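Asker: Take this structure first; my questions come after.
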């Protein structure tokens, strides 16, 4: 009898312990669920090369702890790969122009750089790139300064030349230092195509200030084959941040060189606006890469893009830049209203001029986004 009572006590004690553990797990799940309700979900969407991932990295620098040394070092092979890939693209481009252009002679690489060019072409075609040594950096610099490569670079919009080209080519000696560790600025310029989904949690006013909202920002791949991965993220979104690279009105897609990037952006923007799950979702449109746009617009007419074919320049210099920007902005506004159901046009829609590489601009923009969304939440709660 005593043995039976002892066993029962052990079983009862085990049951009580298990019940306590279950209750604790349920309590934690309930707390986490409540906490999740206070976290607003933001989707960062846009076509490939729109600057989404640069904005994502800026958020990490601005509103989190930034990149530690290990993370900075992890970008070293990426940056070196960007250098090798870019010089290969330029070398390939110069060959193509030399064969097909009427004024072909100016695209022919000088005799002293031909051997270097072939060597770098072979390296750029490898799957694994060597460490960027001082010798290789000097050879790349020599080829970069070759008149034929500079003429090719001037036609970069016809090729797939990345925006980071100037920056990395100007810093080759530093990038090839034996003890080189990438800087924060280097990381912002580094180009890696986003595949899948990455996320970050932040507050634009700082974690210790109760007045600010907490956001979870999702960055998803912009190339066409990545977009199917967005679907499961569509539910319960507080706002969509759509990035449009306005400087790319004369460029083609990485994945389809017959397709204009701005036309692709327009169609993607309209498709997202029409999704039923976004009927009540706020939209923040970032007209990005303004720094490149303001230089390009003075050289390349806006009406080379089919969407902007009715554009008429009115001035020169700064006035023309503003006129062109306002025209693009108006086109996106028209697209928004044409793609939004009449009973939903009152949902929050804001447009911001952005330069993803400019930390001050990104910080100011996200504080404005935060204010807009907090105001919307107060209105919905009947507190305004």
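Just so you know, glycine gets a Cβ as well, placed from its N, Cα and C.
Got these off Swiss-Prot a minute ago, pasting:
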{"type": "BINDING", "residues": "49-54, 163, 188-189, 194, 222, 288-289, 291, 356", "note": "GTP binding site"}
{"type": "BINDING", "residues": "53, 194", "note": "Mg(2+) binding site"}
{"type": "DOMAIN", "residues": "38-384", "note": "domain 'G-alpha'"}
{"type": "REGION", "residues": "41-54", "note": "region 'G1 motif'"}
{"type": "REGION", "residues": "284-291", "note": "region 'G4 motif'"}
{"type": "REGION", "residues": "354-359", "note": "region 'G5 motif'"}
Asker: Do you know offhand how many angstrom separate residue 194 (Mg(2+) binding site) and residue 49 (GTP binding site) by C-alpha?
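Answerer: Cα-Cα, rounded: 10 Å.
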Asker: Report, as numbers and ranges, which residues of the same chain sit near the region 'G4 motif' (284-291): CB under 8 Å and 6 or more residues beyond its ends.
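Answerer: Hits for the region 'G4 motif' (284-291): 46, 50-51, 55, 163, 239-248, 269, 325, 328-329, 332, 336, 349-358, 365, 369, 372.
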Asker: Got a sec? Which of these binding-site residues, 53, 194, has the most Cβ atoms within 10 Å?
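Answerer: Within the set of binding-site residues, the most crowded position is 53.
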Asker: Would you count the other CB atoms within 10 A of the CB of residue 163 (GTP binding site), including those on all shown protein chains?
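Answerer: The answer is 20 other Cβ atoms.
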Asker: Sort residue 289 (GTP binding site) into helix, strand or coil using the DSSP assignment.
Answerer: coil
Asker: Validating a neighbour-count step here. Other CB atoms within 10 A of the CB of residue 189 (GTP binding site): how many?
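Answerer: Counting Cβ neighbours of residue 189 (GTP binding site) within 10 Å gives 22.
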